[in-house]
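See below for the structure under consideration.
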Number of protein chains: 2
Amino acid sequence: MTLKRTHTCGELTAKNIGDEVILNGWVGPRRDLGGVIFIDLRDRYGVTQVVFTEEDDQLHEKAEQLRSEYVIGIKGKVITRGEGNINPKLPTGEIEIEASELVIYSEAETTPFEIKDDIKTNEDTRLKYRYLDLRRPEVQQKLMLRSKFYQSVRSFYHERDFAEVETPVLMRSTPEGARDYLVPSRVNPGKFFALPQSPQTYKQLLMVSGYDRYFQIVKCFRDEDLRADRQPEFTQIDVEMSFVDEEDIYSHHEQLMKKVFKETIGAEIDTPFPRMTYNEAMNTYGSDKPDTRFGLEFADFSEIVKDAEFKVFSGTVKNGGGVVGITVPGQGDMGRGAIDRLTDRVKEETGAGGLIYIKMQEDGPLCSVAKFLTDEIVEQMVEEAGARQGDLVLILAGPNPDVLKQLGQLRLMMGKEFNLIDESKYNFLWVTEFPLLEWDEETRRYHAMHHPFTSPKAEDVELMDSDPAKVRARAYDLVLNGNEIGGGSIRIHDQKMQSRMFELLGIGDKEAREKFGFLLDAFKYGAPPHGGIAFGVDRIVMLLTGAKSLRDVIAFPKNQKAQSMMDNSPDVVDEDQLDELHISIKKNIKDQLS
Amino acid sequence: MTLKRTHTCGELTAKNIGDEVILNGWVGPRRDLGGVIFIDLRDRYGVTQVVFTEEDDQLHEKAEQLRSEYVIGIKGKVITRGEGNINPKLPTGEIEIEASELVIYSEAETTPFEIKDDIKTNEDTRLKYRYLDLRRPEVQQKLMLRSKFYQSVRSFYHERDFAEVETPVLMRSTPEGARDYLVPSRVNPGKFFALPQSPQTYKQLLMVSGYDRYFQIVKCFRDEDLRADRQPEFTQIDVEMSFVDEEDIYSHHEQLMKKVFKETIGAEIDTPFPRMTYNEAMNTYGSDKPDTRFGLEFADFSEIVKDAEFKVFSGTVKNGGGVVGITVPGQGDMGRGAIDRLTDRVKEETGAGGLIYIKMQEDGPLCSVAKFLTDEIVEQMVEEAGARQGDLVLILAGPNPDVLKQLGQLRLMMGKEFNLIDESKYNFLWVTEFPLLEWDEETRRYHAMHHPFTSPKAEDVELMDSDPAKVRARAYDLVLNGNEIGGGSIRIHDQKMQSRMFELLGIGDKEAREKFGFLLDAFKYGAPPHGGIAFGVDRIVMLLTGAKSLRDVIAFPKNQKAQSMMDNSPDVVDEDQLDELHISIKKNIKDQLS
């Protein structure tokens, strides 16, 4: 028998006093006071207090059975709690339900951890019992915000006449980018599908097909070694537009962010967003995703120290490296012990060779390598750094761009350590003009920094032959508070340029034809100029909800070994299944398994 | 250089005459008339005529290069076409653009087929050049309707406070249902993920977690032998609700259909939908997804003929079979040849042993097996069938339920053959009370007709021991014009009942724990009564657009060998990739490949 609810557990207020109502939900804390039983009844919408008096013996007896997490339906009358018992923190805090009927739908064993916020249970247990963890109000709020986020995003694109198109999950394996997840084909023995790392080629084909504006919220997959906060499957907002340049992409997506932040968390976002070239970002913040919520911009001392006797400085500059620093305000009195610990940490976490400092003391700058430098040089460095009395200048020397990245990490450490970051801010930033290529020492060839379909800037095309590393791409990232939340580019839409790009990447004609022939062919039949962007849904929702991990905003996440603790997947499968797929597990592995 | 459009190719009308505009698009048919060049410029939004006069030599010369499918930008003035040249079929038919500027973004080779509707090109070619096929207006219209469909569906659920939650694509392989697609794990050697056939267990867990109402538009996967119209990956609307019974599911989803049909094709759908039990549907239409747009309901002659001397009839009935028929109006004069051909077709397509008929001639009924039957029996059959002069009664005899299914197929044949189907109708029908179990002769055990999580009807629970085949499930399908477009059930939410169900299905305790332990465990901690439904997006969009195949409403479909002709996937992969995944291709297959 089902008692059909008339209300949820989050909506009854003083206005409903006197109403007969039915509620369904989970039993929370129960209190017995002088024969009267009080329970909190909980559902996704809220909590309502229910009272079982001693008037009805049978009902009272039944209520005595109730334990935490029982699922029940109750019928009763909304009454006032009476002064002194009102809970102003709850929307339903003024009322309670005097129950006249009770149906127990499901009993419950004692849960392995309490269903409430702020629990200390370790993550493995929470992941194993994910269905219980998902009951906790703070987790529910995050996932409900995520639900709202989807619809806010989608209505944005539909209002602007973007075509929502689903692209295949079973596609071909491509050699570029991260490692593919493969899916053996039963009907095509010895052949494999791959799961998409992104629908990149499909969305470009949709432009060639004239769909003009495309978007999709889509699952993508990367079989990477899982660092601290990665998931094997992740969700992205995938977008492509025809007949556009960078400005169109920027202006549309500034409006997207404005709308979504307003509709999900009520935040007002200013547009347009500031922009910074990749070079500027690297030289100023040592990062292509700088957190601009605080300063500590870099000072470049290379010119000042290039002829210094101190070889750590002058030698570095002569070899093309840099001597750079940041000024931490008010830390000029940092003690010897603290500086030593910081130096160790910098070496360990950033890989820098050492840390040099200038303490801006009352009686003048005190430089840790003063004996190797002239006073003049130290003075010039202080000036360049804009350091004032009481400040601490931290200096690194090393090859480029490593030294910049190391100082970037040090900057973040200092920002956190000394609470320089205004956590209430949402600082968006477009980072532009990424290099087209990156040299990879290991494979001794260029890699595409974004992906092989990214267009070079027209004025840099000549450099593709003479100095490929200098070519700037029409690529951009959207950064929020130091997190890359999206990235994209204006694409190549010309078959010859695309072939040339493959060539630069060391992808031979044959391989290019084999893997991307259909895209090169498509470009032959009339391709519009086009470009796009993709946003990381998991990360944006994480930032919107203030979650600490991607796992907190994914309903059923994998752990850092790409396993689901809840259903114990991946797992071994029947030999029959593998036979049908024409594959077998390598012998050494099989021996270990059995 | 990009000419940024001021308008699309579908929006300029007489109101814009005199305006300077910029359009971007693809060149369609070109006509040269007395030195003036006319082209149709096409984009996703429509077609606009562009004129290049001889006034500007340079421009005219450039325009002379234009060929079909070139991608261009033009600048010009909107002028009237002048009487006689107006094309009332086009929204832009009153105007044309007198071009003053032309930019060619991309040239185009001759396409392998023309970019227009009604082409005769074979499907393999169209699939290989899918990016060109997708350019054809009729294909674009279907995919744009599909785009609108998504948002119409989603706004329905969001308005009703359903939580949209993404469930994993990499999950564990389960033994029930169709064949899984497997994904080898690199980090967990010898272990495999499976792609979801449906997010069934996840959505039930979400109910256990208190999400109350869940929906998702989600890709699912089945590695089945592809019949005429199946795809290895397909899209479904997946829904689950707590504290509900069948009526809640019905009423919500009748409103969903009403809204979606209105918003996508402007059709008015009447609610509530009619309902029919599985038994009634089988006995009346020989199908669990009857097309109710036409009659030809079954007449059951079994009782009448059970003692007839004609053993084909009486013997069949004695063995538990049936003698059933339909009355085709106005076909009583069907000639001998036509009847013979029909008989052959029935035998071949339905597997029936033969076809018996009664022609309702002017001088009385003429039965094909009259010599074995008394006049009285024939009269009674005619009466039971409700046949009138001029009608044709078609009769099959055979074991149940085969004979019903065979007659069901014959009914559909007749409906099509004699145009009895009103194609303008949208006939929705809930089919209810499906059997819980099906006996499978091959494996000699029961299978779940819907799935193992479906609740039996309370009043039939006793039969689970005594007569399992008789147990009716709380399962329902939504049928539209003879197509199953959705199906679902009220679920088991009790651990003991779920274990009992597994037992009935021959799934041992150990196996159940291994595969579904997490679900059984979840039920221990307080599970609400819940139920849900899933709809086939591809099929519904096919019906909405009048498409003939699922492939016509999927942007990048697979062919019947589960291959993508366009990018030639699945394909062989590098040996390195397999090594990393700890698998190898079976030797016999590998030998064939090399």
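Glycine residues also receive a Cβ, built from the backbone N, Cα and C atoms like all the rest.
Nobody curates TrEMBL annotations by hand; they come from automatic prediction.
Residues near A:GLY84 (site 'Important for tRNA non-discrimination') in space but far in sequence (CB under 8 A, at least 6 apart, same chain): none are found. Marked as site 'Important for tRNA non-discrimination' by TrEMBL: A:GLY84.
Residues or ranges marked as domain 'Aminoacyl-transfer RNA synthetases class-II family profile' in TrEMBL: A:143-557.
Annotated L-aspartate binding site per TrEMBL: A:GLU176, A:ARG222, A:HIS450, A:ARG491, in sequence order. Taking the Cβ of A:ARG222 (L-aspartate binding site) as reference, residues of its chain lying under 8 Å away and at least six apart in sequence are, in sequence order, A:GLY177, A:ALA178, A:ARG179, A:TYR181, A:GLN197, A:ARG230, A:PRO232, A:PHE234.
Proximity of distant same-chain residues to the region 'Aspartate' (A:200-203), defined by a Cβ-Cβ separation under 8 Å and at least 6 residues beyond the stretch ends, is recorded for 167-168, 171, 174, 214, 216, 238-240, 451, 453, 516, 518-519, 532. Residues or ranges marked as region 'Aspartate' by TrEMBL: A:200-203.
Counting every protein chain shown, the number of other Cβ atoms lying within 10 Å of the Cβ of A:GLU484 (ATP binding site) is 16. Secondary structure at A:GLU484 (ATP binding site), as computed by DSSP, is strand. Marked as ATP binding site by TrEMBL: A:ARG222, A:ASP223, A:GLU224, A:GLN231, A:GLU484, A:GLY536, A:VAL537, A:ASP538, A:ARG539.
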Taking DSSP three-state, what's A:ARG491 (L-aspartate binding site) in: helix, strand or coil?
strand
If you run the three-state DSSP split on A:GLY84 (site 'Important for tRNA non-discrimination'), which class comes out?
coil
Do you know offhand how many angstrom separate A:VAL537 (ATP binding site) and A:HIS450 (L-aspartate binding site) by C-alpha?
19
Cβ packing number for A:HIS450 (L-aspartate binding site), 10 Å threshold:
21
Based on Cβ atoms within 10 Å, give me the single least packed residue among the binding-site residues A:GLU224, A:ARG491.
A:GLU224
Cβ atoms near A:VAL537 (ATP binding site) (within 10 Å, other residues, all chains):
23
If you average per-residue pLDDT over the region 'Aspartate' (A:200-203), what number do you get?
96
Whole-number answer please: how many Å between the C-alpha atoms of A:ARG491 (L-aspartate binding site) and A:ARG539 (ATP binding site)?
25
The region 'Aspartate' (A:200-203): DSSP-derived helix, strand, coil residue counts:
4 helix, 0 strand, 0 coil
Determine, from DSSP, whether A:GLU224 (ATP binding site) sits in helix, strand or coil.
coil
